[in-house]
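These features come from Swiss-Prot:
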- Glu316: active site, proton acceptor (ACT_SITE)
- His271, Asp283, Asp345: Zn(2+) 1 binding site (BINDING)
- Asp283, Glu317, His448: Zn(2+) 2 binding site (BINDING)
- 140-231: domain 'PA' (DOMAIN)
- Cys25: N-palmitoyl cysteine (LIPID)
- Cys25: S-diacylglycerol cysteine (LIPID)
- 1-24: signal peptide (SIGNAL)
- Tyr447: site 'Transition state stabilizer' (SITE)
Amino acid sequence: MVNKSRMMPAVLAVAVVVAFLTTGCIRWSTQSRPVVNGPAAAEFAVALRNRVSTDAMMAHLSKLQDIANANDGTRAVGTPGYQASVDYVVNTLRNSGFDVQTPEFSARVFKAEKGVVTLGGNTVEARALEYSLGTPPDGVTGPLVAAPADDSPGCSPSDYDRLPVSGAVVLVDRGVCPFAQKEDAAAQRGAVALIIADNIDEQAMGGTLGANTDVKIPVVSVTKSVGFQLRGQSGPTTVKLTASTQSFKARNVIAQTKTGSSANVVMAGAHLDSVPEGPGINDNGSGVAAVLETAVQLGNSPHVSNAVRFAFWGAEEFGLIGSRNYVESLDIDALKGIALYLNFDMLASPNPGYFTYDGDQSLPLDARGQPVVPEGSAGIERTFVAYLKMAGKTAQDTSFDGRSDYDGFTLAGIPSGGLFSGAEVKKSAEQAELWGGTADEPFDPNYHQKTDTLDHIDRTALGINGAGVAYAVGLYAQDLGGPNGVPVMADRTRHLIAKP
């Protein structure tokens, strides 16, 4: 999971249904089962939910931990640990009778540490632009040359016609042209590095030069005030930056039931990769285990109205690359054929919360990740809120902030939702009172660390949230209608997602 999320209490619009926990499993009497999309669908959903056990999900997590242990403690894309994770999921699905696809995609991953600019004995912090070159350990040094300050500074080599740019470190203000154009103009005139001064005084802006740009020199950004200070000075200037770009190929894993309408596909996904720093057993082995066990228990040819497609994404931790690549590969008809997408990323945090994605947009405007989410997402949220009520948990919202693999689907207009147990954000006192756990501590103190191991999985959260995967999949596999349904084919609006 990437980026930070903001969480607020959800507006609950469902009746409380009595439930109880028994040895890590949740059981409901016939009378307490919720009628959401119809009684037959609810019966099927509860039956599927009851077949997805905590022990089975823990067994999948144990396998993923073993894979990480055998591969330098990681399952990150581009490592043998990721390849072994793909093989495990593929073999498990094939052993359950699924036809499995492993579409390959290419990506470039940029990594950088904070850079510095030194002039006249003073050092200031700078931020690499994505896909910048790095410098040698001692940096690159040259006289500081400032481009003219105008509406389009440094956008053309001619902007430097009367300036001694060759061998210099060039300072240019942010303007109307792309950063890659500024880099190219300075590089053509022989600059050894480029500093771009932002037009605001917040954090250094970052930005990208573009994955397909032939970058020739290091490029960093500084704030407006730092840029102003630099512009008033002269003399030898050194830029230091540790940065690299890695190109790789990776695979997603896709499997679909052989039964059910292919014009109304219910899609459930979880990212399969970890960060390089750790094994990723909560983030996101927990989501993988829940989706995988749901597939195993549903089977390859269930008696369902709508086909179910299971997805295990690669390179989420490097910017949602696998899922975004998949959505970009689909035409309008294929996008319309996906009735909804359910995303499961971090379900068993050790200090867990019980969050649903904010499909009804009940968060305050400034807390929403997207100004609008696709029609139908509110119904999905209500389904998960109702499920958590059954499990004895009161849901709170987490925003659609582009943090996980739902992002490409929502941008394409596909109704989306899911469950989430929290990451690096600290649990409030009110949340600790609501759910238990420790206030003022992160939901997952092991987030993106080597300590994200099997030993730190919360079994109760895994049992509740993992069962929620099966419940929602089973419900929508049988019925897409009702108050918590999604638009029918004729009413679906979809958008092509362009490749960068």
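Cβ atoms are placed via backbone N, Cα and C, with glycine included.
Sequence features, as recorded in Swiss-Prot, placed on the structure.
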residue : record                             : CB count, 10 Å
His271  : Zn(2+) 1 binding site              : 32
Asp283  : Zn(2+) 1 binding site              : 30
Glu316  : active site, proton acceptor       : 30
Glu317  : Zn(2+) 2 binding site              : 24
Asp345  : Zn(2+) 1 binding site              : 26
Tyr447  : site 'Transition state stabilizer' : 22
His448  : Zn(2+) 2 binding site              : 19
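Tyr447 (site 'Transition state stabilizer') is 12 Å away from Glu317 (Zn(2+) 2 binding site) when you measure Cα to Cα. In this structure the alpha carbons, written CA, of His448 (Zn(2+) 2 binding site) and Asp345 (Zn(2+) 1 binding site) are 13 Å apart. For the Zn(2+) 1 site, the Cβ centre of His271, Asp283, Asp345 serves as reference, and the other residues of the chain with Cβ at most 8 Å from it are Met1, Ala270, Gly280, Asn284, Gly287, Glu316, Glu317, Met346, Ser404, Asp405.
Mean pLDDT across the domain 'PA' (140-231) comes to 91 in this model. Taking Cα separation as the measure, Glu316 (active site, proton acceptor) is nearest to His271 of the recorded positions His271, Asp283, Asp345, Tyr447. His271 (Zn(2+) 1 binding site) carries a strand DSSP state (E or B). Nearest in space to Tyr447 (site 'Transition state stabilizer'), taking C-alpha to C-alpha distance over the binding-site residues His271, Asp283, Asp345, is Asp283. Per DSSP, the domain 'PA' (140-231) is made up of 22 helix, 22 strand, 48 coil.
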